Each structure stands twice: as C-alpha cells, then as structure tokens.
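Down below is the structure, laid out as structure tokens.
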Amino acid sequence: MSSPHRASTTQQLADLSLTEGEHDEGKPLSIDYLQGHEGLIEEVLKWSEHEQLDFMDKIVHRLSHYQLGKVDNFIRPMLQRDFISNLPAHLVELILFNVNSDSLKSCEEVSTSWRCALARGQHWKKLIEKNVRSDSLWWGLSEKRQWDKFLNISRDMSVRRICEKFNYDVNIKRDKLDQLILMHVFYSKLYPKIIRDIHNIDNNWKRGNYKMTRINCQSENSKGVYCLQYDDDKIVSGLRDNTIKIWDRKDYSCSRILSGHTGSVLCLQYDNRVIISGSSDATVRVWDVETGECIKTLIHHCEAVLHLRFANGIMVTCSKDRSIAVWDMVSPRDITIRRVLVGHRAAVNVVDFDDRYIVSASGDRTIKVWSMDTLEFVRTLAGHRRGIACLQYRGRLVVSGSSDNTIRLWDIHSGVCLRVLEGHEELVRCIRFDEKRIVSGAYDGKIKVWDLQAALDPRALSSEICLCSLVQHTGRVFRLQFDDFQIVSSSHDDTILIWDFLDAPPSGLPSSTNRATLPELPNQAAVARAQMLFEMAARREIERRDREVVEEPALRPRANAARRHNADIAAAAAAAEAARGAGDNDESSSEEDLDRVDQVNNPNVAGPAPPQPHNQNHRRRQPRPELPVRLMFQQEMAAFDNMRRQQNNMDHLGGGDVDEEMPDGGP
C-alpha cells in the first residue's frame, strides 16, 4: 500500500543530487539574510513584470538540481485550479455530461463541491438515459427491469416515483436540495445494478446458462411447429396441423387459433396490423391481428410457399416451384404482384431483403442476389456443397445454413465467403444473427450460439467461435428467433421453448430442467479420423518390416521382432483411441481424409488407391502383420459408412415430409 504523501517524481529525481548530504535545509537562517531579504523583495516588486521574469530566469539557471526540485514543489500547488468550483454551472454540466461512468465515480471522491455539482446536474440520470438511447441492450433491459419509468421525466416526477418505490413521504422532499440529493443517490446506485445485469447476461450467453419455459402445442393430428415470431405480449406460431396459434406471454396459454389453410403453415410474419402466412397448400393468407379474420388469400405459386418477408409496402415470397414473387402492398386488402424472379434450378427455400437487394437461397446449392430497384439478377454466391435451407441478410453480411451441415458467412458486395462454421451434425435449418452473435438450429436437435465478431476475425481459431450448444428439443429444430435476453425456438417435437438468459439461475449453473452444453457424441468425422490414424500406423509398420528384410544382413531373433511388433501395434491402438476420444473437439478433418478412409474400407469405391510401400531390391516379402486393433473399429465404422452413403444419396435438404418440411434440393 503506497503512502498517501508519496513524493512526486520531480522531487525523487531532485533528491538524487550529487551533493546529497550537503544540503543546509535544517540549519538556522543567517543574520545577514534575515536583515536583507525583505528589502530585496520590495526592490524586485518595484520592477516591471518583464524585468521580474528576466530576474527570475537568471536566478533559476543558477540553482542546483536539488533546489529546482524544491522550487517545483512550491509552484505546482499554486498552478492547480478547481475548475468545477470556478466555472459557470452550465459549462460544468457540459463537461461532466461527456465523461464516462469511471470518471463520474472519481469526481464524486474529489470533494463535497464536486458531488454537489454532479447532483445539481443529475449526471448519473443523464448517463443512463444516453446509454438507453444508443444501445438496444440498455433499452430492452430498462423495459424488462421496469426502471424505464424513472427516465426522461421531470425532476418532480422523478422524486415522486422514487418516493413511491421506497415508501417515502413525498411531502418531506419539498426542498430543492433534498430532491437533488435523493435523485443523485438513486441513480448512482441504479447504474452499477444495470452493469451487473449486463455482465450476467453476457456470461449466461457464453456459458449456456438459462431459465427454460416450455409450451406444449398439443397438436391432435400432425405434430410440429414450422415457424414463429414473438414480441413481449405474444408468440405467433405456424403448425403442421394447418393452424396458426397465438400464445399469451403472461401465462403461455393459447389465446387464439386461426384456421383456414388446407396445408401446413410453413412461414409467417406479422406487424401491428396483419399476420401474413404461407402454406404447403400453395397460398398466402392475410389475417387481421385484432380479429383473427382472414381478409385476403393470394393465389399465385403452384407449389408450397416456403418463406416470405414483408416491409415498407413490399412483400417477397418464394416457393417450391423454384420462383420468387415480389408484391406491392398498398393496404392489407390491396396486394398485387409486381414481378416474378426466375433463376434457381431447385426449390427456393428462403428469401430476405432490404432497400438494396433481395437475397434468395435454394436447394440448388446457390444464393442469388437481385437488385431491389430493377429486380434484375446481380450475382451468385456459391460454395455450399448441398442445398441451402436458411439465411439472413443484414448490412453487407449474409449468413446461410445448409444441408452440408455448415454455416457460411458471405460479403454480399464481393460474393466472397468470409468463414465456414462447422459443428452441427445434420442439416442447419434456421439461423439468425445480430451485432454480437449468430444463433443456429439444426436437425440434430441442437441450438448453437456463435460469436459473430470472432467469426469475422480471420485470426480467430475455430474453437473460439462456438460459445455454447443448447440441447432441450427432442426433435428437429425448425425455426428460432432471439434478442439480447432470450431465444424462442420451435421443433418437430411439437414444442416451443423460451430460453431466458436474463433470469437464469444466479449460481451460474443451469436449472434442473436444463441441459446446456452437453458433451457431444463422437461424430463420423472423429471416428473416420481415428481409423485413418490407425491405417497410417499400420502402413508404417509394414514399411518398417520391409526395410528390415532388405537392410539387415541377418534377421534379429524372433523374440525381439515379436516384442517390437507388439509395441508398435499397442502404440497404434493408443493413438487411435486418443483420436477417438478427442473427436468432439477436432475440427480439422477434411473431405479428402474422409474419402481416403472410405476407399480403404470399401475397395470397390472409385478413387485413387492408398500409397503402398514398394522396393525393387527386396528378396523376400514378409506377409502383412495381423492388425487386431482394426477389429475395434470395424463394426462402428461400417455403421458410419452406411450413414454417410445414405446422406450422399439424399436428393432433398431434409428427411420427413418432403412436401411440407423442405423441398427437393440438388444432388
């Protein structure tokens, strides 16, 4: 702990004078000095300011290092000014309005006058209001925690609401100073509570710590929730049983059922006036939000309507019939088609747009970009190895999910793929992103949260991008939406789940009903890599035995050879087992590696044969050593090979009901 009277750096340097120990600081003043210094001071003061400065300059240049340090200690306090106390109040308020929270805390510790200046300017209140205006997380938190009612109101109203909250008598706080002090204490205490909430939310997202709420849709005939959208009051969901169900957020009861579609409701979107839905019956229906009445039915597509988006008087729909329709929305009852966009070679699964581009993704493995002004084709984004099931477009970033189990990030202007995210084990069906994170759902039943900034950083490792994996659905995840505080997802298991990261258990561990970040089972890439390592070890053993035959003039004793052989086989088994155990964290297995393993296990598969050792000079080739370790993987690899062949033979994006879930895609 440093001393409160610690010497300045200038004084410490001055004390290092070469004349240390010879200073006469403690000696009494001489009689000549006492008799003459007053007259000298009076004489100097008679000079002009310029003459005084010239005299002081000559004196200072003749002082020692030690004396200069002492002079600095005399002068430094004289140059300090309390600008908060000396400046006009409006300038003080302007200065303090532009400082951050740490600076405000430091200002409070300076003096009573500084604390009064902060209270008089209501700077903690203004700092909170500024953050709420500029940051969506602060704005959302103000509504969730209900402290928004203390913001953007007058001083009298603030005092009244603070007194109501803490059961104070508002009549006692009539004096202006008492009111300012009350407000200052309240808002200065509120700020660290907000910061603590924000810190906890961020940690909960990273750790997969949440509070779970489950809605069982209880469909009678066909089970599955294909689409949803939510706000603070309701959740609107489209179901496989041909209905749209609206759920009340207060008690999660079903408040209304909209019936009219004759096929599964595959997509929907709503605003404060209408709900617009698309169905496998090839129609688009417009519903009144207040009454639930179907006010218009649009018939254009000849097959299932797979996705739709509308905003600012424009609606875009896409269909299994491989077309995209652009509509003009003058009113809920006046919707006319403007143009049909054709170019995809398979069903168009998803569309998104803004005032510059329309972006569409298809089972033909491509993303196409269209100009919103001219409705002409602009460019194609190609890179996915199988059909594309979902995407979102915002700014210049496009994020897509595919049946090849990967997520890709694209620059829409250049068409360059910025990053490929791997981790899902089946088709990536839904994906959303904001400024901080990407959230994806897949047919493996998992929802994964990814760090968007890390994904856009080429220096970031793949292991740093996926923050957590959430597992609660027992079926394929069809749709999700999220904000700063929660994820709302739907699934083939006929449930809607609300993952609450704001009110998660304070212990930092998931509640008893939660299963977040569960350990992954070994996937086919990990097992394939394990067998590949084993094959490499086996080939090295064969090559070593071949070299022994050629290079050694005499064979070693059989006992020594047997010991070496057993040691190598044990090492290969250990390496394969280690690879198998670490398979969940290995993300470097390439398609070439997997194809090579397939060729080893299936000699009939076309492709280059694995390299074999060859030596023209050897006289006698020993038979291949038996490989007992290979039996450990034989049955397991056969099962994975069958699954992989089945996946390669799939011609559509997802299994199940082809006409309802996902359309036929490219081979």
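Quick reminder: no glycine exception, Cβ is built from N, Cα and C everywhere.
Lifted from TrEMBL, the feature list:
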- 584-595: compositional bias 'Acidic residues' (COMPBIAS)
- 657-667: compositional bias 'Acidic residues' (COMPBIAS)
- 81-127: domain 'F-box' (DOMAIN)
- 574-667: region 'Disordered' (REGION)
- 218-248: repeat 'WD' (REPEAT)
- 258-297: repeat 'WD' (REPEAT)
- 298-337: repeat 'WD' (REPEAT)
- 341-380: repeat 'WD' (REPEAT)
- 381-420: repeat 'WD' (REPEAT)
- 421-453: repeat 'WD' (REPEAT)
- 470-500: repeat 'WD' (REPEAT)
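Three or more CB pairs closer than 8 A are found between the repeat 'WD' (470-500) and the repeat 'WD' (218-248), so contact between the two stretches is assigned (pairs 6 or more residues apart). With DSSP classes pooled into helix, strand and coil, the tally for the repeat 'WD' (298-337) is 0 helix, 28 strand, 12 coil. DSSP states for the repeat 'WD' (421-453), grouped as helix (H, G, I), strand (E, B) and coil, give 2 helix, 20 strand, 11 coil.
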